[in-house]
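Residues or ranges marked as active site, 4-aspartylphosphate intermediate by TrEMBL: 404. The ATP binding site annotation in TrEMBL covers 404, 405, 406, 501, 542, 565, 598, 678, 679, 680, 792, 798, 821, 822. Here TrEMBL flags 1158-1172 as compositional bias 'Basic and acidic residues'. Annotation comment: TrEMBL describes 18-95 as domain 'P-type ATPase N-terminal'. What TrEMBL lists as region 'Disordered' is 1110-1172. Look at TrEMBL and you will find 92-111, 289-313, 333-358, 875-896, 908-928, 958-979, 1019-1038, 1045-1063, 1069-1091 tagged as transmembrane segment.
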């Protein structure tokens, strides 16, 4: 592997010189930043996730806020109100609320960004040893530069993407934990080049190190790295096995040295982070469009009234001597001024208080999520956290969920549950098994105390030593693996390449077959009470094509035996005709598969000395071939892995998080589709799909080849379409799965790559069109399925899949994950959810919502999301209604005031109406209202459907609110107008003055809108009742104060309605007028609501009607377990998350190779000792 390369590498853009910081600032590595300013293309190691700094906060934040149409609208109004000729309302009535809204939003953004600043500072100030001036010095991460040599110690996080040079382990082996990257806690190994391992151990040697690294440009491929190292006139190849990636953690290695290749923003973990997107809800977008609609309506109404004023002035105003105002202005100019005056008067159709109220409601909803004790995880003291306050109502509209697997659906903990030996199944609980007590393993001093097994009969069988197959079964588990072991105090600690292997070896250990140690060519185990060492002749490694691994051993008595474990589909093909218990084992495998356990078949064969010698020669030849070595080795392995004798099978449970199947079933009933996007193997992902009941036995599963065939047929049909008539082309395409039944897709990252590239390269002109059509076809097919699983996908591919669905389905998407490999997906989706409480917090830091368990997702969506959506929709519908009803009274009044932009109410009523008189009841509905309680929301997931379909707030609802507002304003104006037209008071006077009329219309309006919100309130509390009555009481209290003589004396020019309220409201017929106005306004609403709930009730109405009955019912009975007698599953339940490469590591002896004598270290040949 370290052989020097004779040929020059291809041109590479990225060059790194060891221990030479000045080299990376040479002119050839400069890039233009702005105009003539240049900067090194190599990033520093400081990371930046914040949006603002001290200088940019104010301008950038204001720029972002004024991108919102309403804020611009109010800024324009403010400018108009400053102009005296057209101002009909004081300028401060708009300035104060606008500044308030901008300040509240800016403060919220500032708090969010300060949290990002703190996190960045904490990470950038972590410490690390860097080689400077010939010796290692402690330095902060942010000061590390490309080309620096660093020293890392056990349990340190890796600060940058680093080329491993040497370590304290033999052969510069280094173990890393990648929980921050992919959520997996099992260790992975990295290895330095032999030349750097031998020559770069001492500080002085590292200080003289001057190699030049040439490699690929920074990219987001976590599974790939290619480069070369030029040192002392020799070239050495580099690959991903030599690289330590930022975000990983050093484990089981006292120290290691490395060379920084990529720093900061260039590292693979940061490149996978994706762009931080500004997320907005669908309701936000709708509100923007509605503001535009209202603005257009406002201009049309103002223009119509201005034209009316022009004609009125020409016909009446200019001829009436008593209307002369001393200004010599013609009718057109007066009409122009009237237009701007009406723009100001009618601006309250969209009051600025709407946006303040929306922010308050969203903040309140976020707090309710944070305070929800049913989403608190006590084991890790982790509450749910709404990390954003702007997306709550979008939680009630989710159509697609994209979930990671490891650490999100599963705990990544494997447990040995059952096994079948010689046709007999063990692990099934029987009545005699000591009242559900687990097996007592105290007789075995090596037993792992955490291991639990319920079947006492298997232990009795092993301890009796009567069944040779059972003894051979556990002997195989203790010998056929690639696990490493260390002695820690008096305990054995296993380090497995996959949790599956760890579970199997631990099971063997508890049943008396204890793996003790291994060297390059021996394995030592304890068989019950006897220690035995076997000579390892060959280790036939696992890979995803072979689906099995084997080991050939020579026992102390000289016999040679091959042990093999693997998938039933490949093992059964290789069994000897004389092998027994095939059918009974297959029946057990079917039952295990039905219980969604992960299975492996175990078998063996005896090998004669001559046969082994002949095979060993072929194996040696294949292992040194230069062309297609893997295929050659596979062919040689095939020759000896045959005529196998079946021992039995193991069944391992990949522990799901609590409540995952129930959550998925509940979300499916809410018509939410769940896609699993994972970097894991196809078999493992498929098995978890069955475990969590995303996949079921009655589903037709389609794989890559089947999908290709269907897509090819669709594309061929499309090519023939131009021959048909244009009418036919527009019809909806035929479904991909016309036959009845459920369908599921299982595809791989490799298939997605080949799909994206296509079977042929299209010409430049048709590239875009072909890519778009292929994307639409794939999304259409996937969306017809009940479930989609994408395995072996990169973080970038995860994000691309989410983008495809967002783009072509216009659907609201949610991504949920727990690792750094999920960050891009989380940022791309409309809502990102991070699973917190794990070791890696990268996903949480990028998420919008965070909690500790997947099962809390159903409560987040079906309860908080649905409530938030219903509340926000009800709030907006009512808010638009009450402001149309309030504002359009001016419109009707204009017909009787010469279209002169005279307001119909007192100025102070206009200023306070949206702040005090009508805000609190609707605010409380937006915060507290619920059609049904949380238990019924979860019991009836169909209640979620209106949110997905956007039924509660859309343009139809907007225009209903508009016409409702027009109707109410019409009643509120014309009934008092009719009452005032020809009336006589008790004192013989006719109180038909403008001020009394304004008092009556305002009183009718306040009472009507407050009783209207009462009709729309589903959930009554004392606070709601107090708010409605309190708002009406506050109105009358303030009105009588403002109309008092005392305040007029102090501010005679501001408070001009002296005595108007007391004069008008002492007349009984005006109270009758108010009651009549309110009654006629509300009566149609009451009738329509009654008809809707009795004749056309929604699902929510039906649940509400029987709410008491449902609340008294007992909780739903738990559904029967997945396994039921009489059912059969013929699918293979094989799933093994092991990666290839470990066998090569062990059998080559690299993990236990002797150190060069020059280093003066002691010889280590007996066992591999790990330090942790």
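Note that the numbers count up from 1, one per residue, in the order the chain is shown.
Every residue, even glycine, has its Cβ placed from backbone N, Cα and C.
In TrEMBL, annotation is done automatically, which means it is predicted and not curated.
Listed as Cβ neighbours of the transmembrane segment (289-313) (distance under 8 Å, sequence separation of 6 or more from its ends, same chain) are residues 69-70, 73, 331-332, 334-336, 338-340, 342-343, 346-347, 349-350, 880, 891, 894-895, 898-901, 955, 958. Spanning the listed ATP site, residues 404, 405, 406, 501, 542, 565, 598, 678, 679, 680, 792, 798, 821, 822 have a farthest Cα to Cα distance of 33 Å. When each of 875-896, 1019-1038, 1069-1091 is scored by its Cβ pairs under 8 Å to the transmembrane segment (333-358), the top-ranked stretch turns out to be 875-896. Neighbour counts of Cβ atoms within 10 Å were taken for the binding-site residues 598, 792; the minimum is at 792. In this chain, the transmembrane segment (958-979) lies close to the transmembrane segment (1069-1091): three or more C-beta pairs between them fall below 8 angstroms, excluding pairs fewer than 6 positions apart. The Cβ of residue 404 (active site, 4-aspartylphosphate intermediate) has 28 other Cβ atoms within 10 Å, all protein chains considered. Residues of the same chain lying 6 or more positions beyond the ends of the transmembrane segment (875-896) and with a Cβ under 8 Å from any Cβ of it are 283, 287, 290, 301, 305, 308, 342, 345-346, 348-351, 354, 357-358, 361, 902-905, 913-914, 918, 922-923, 925-926, 952-953, 957-958, 960-962, 964-966, 968-970, 972-974, 977, 1001, 1005, 1008-1009, 1012-1013, 1016. Packing against the transmembrane segment (1019-1038) from elsewhere in the chain are residues 912, 916-921, 923-925, 928-931, 1002-1003, 1006-1007, 1010-1011, 1013: each is 6 or more residues past its ends and has a CB under 8 Å from a CB in it. Residues 906, 908, 991, 995-996, 998-999, 1039 of the same chain lie 6+ residues outside the transmembrane segment (1045-1063) yet bring a C-beta within less than 8 angstroms of a C-beta in it. Restricting the binding-site residues 598, 679, 792 to those with a CA within 10 Å of the CA of the residue listed as 'active site, 4-aspartylphosphate intermediate' leaves 679, listed by sequence position. The average pLDDT computed for the domain 'P-type ATPase N-terminal' (18-95) is 80. Note: the domain 'P-type ATPase N-terminal' (18-95) comprises 34 helix, 9 strand, 35 coil (DSSP; helix = H, G, I, strand = E, B). Fewest other C-beta atoms within 10 angstroms, among the binding-site residues 406, 821, are seen around 406.
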